[in-house]
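Novice: Sharing the features that Swiss-Prot gives for it:
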type     : residues                                                    : note
BINDING  : 8, 9, 10, 11, 12, 13, 69, 149, 150, 151, 152, 172, 177, 178 : substrate binding site
BINDING  : 39, 68                                                      : Mg(2+) binding site
ACT_SITE : 68                                                          : active site, proton acceptor
């Protein structure tokens, strides 16, 4: 099987793919193209993932995988959604984003939410395929745990009775939105080999 090229410079995302594609060579796009960047102008996770994978597949003339992910809070009509990384504004960090979300949920009873990841796979002269993974949870009123990043310290998973920041990387890989989407992609690729 060919190398798995991921259109990201985020080492954490690359590691998530490597954890599931253990027997294959997974590389980030920066190993093939310097300064690859695509503006995420899509209104959905799928649109943003497609923008990245299609641009990278065109630039490299080979199959490329990209993803877009974020947090959707039901009581906030899906916010922060595609703006999860920049919810508090450009130049702000994870703490600023968490603070804004907690403020927006201050008097809200329904704190149900989900992390969403859409993986897009594009190749020259092939239809782009997408794979969606989710994990459901509840937004806490305060931070718990030190692992992970982003909204993990306030995303409580009832089945585990912990936030995403309180579980190990191995546990997270088994239940996370990105892990779920990567497993769907892997099943598809394994099926492709048997055709």
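Every residue number used here counts from 1 along the chain in the order it is shown.
Glycine residues also receive a Cβ, built from the backbone N, Cα and C atoms like all the rest.
Set these features in their place in the structure for me.
Specialist: Taken residue by residue with DSSP, residue 8 (substrate binding site) is part of neither helix nor strand, so it is coil. Counting only same-chain residues at least 6 apart in sequence, those with a Cβ under 8 Å from the Cβ of residue 8 (substrate binding site) are 14, 28, 29, 52, 66, 67.
In the three-state DSSP scheme, residue 39 (Mg(2+) binding site) is classed as coil. Remark: residue 39 (Mg(2+) binding site) has 51 as non-local neighbours, by Cβ distance under 8 Å and separation of at least 6 in sequence.
Note: residue 68 (Mg(2+) binding site) has non-local neighbours 40, 42, 45, 46, 48, 49, 52, 82, 117, 118, 120, i.e. same-chain residues 6+ apart with C-beta under 8 A of its own C-beta. Annotation note: residue 68 (Mg(2+) binding site) sits in a strand segment as assigned by DSSP.
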Novice: Looking only at Cβ atoms, how many others are within 10 Å of the one on residue 150 (substrate binding site)?
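Specialist: There are 21 of them.
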Novice: Rank the binding-site residues 10, 69 by how many other Cβ atoms lie within 10 Å of each Cβ and give me the one with the fewest.
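Specialist: Minimum Cβ neighbour count within 10 Å, taken over the binding-site residues 10, 69, occurs at 10.
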Novice: On the Cα atoms of 8, 9, 10, 11, 12, 13, 69, 149, 150, 151, 152, 172, 177, 178, which are listed as binding substrate, what is the maximum pairwise distance in Å?
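Specialist: Largest pairwise Cα separation, rounded: 21 Å.
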Novice: Quick one: give me the count of other CB atoms within 10 A of the CB of residue 12 (substrate binding site).
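Specialist: There are 12 of them.
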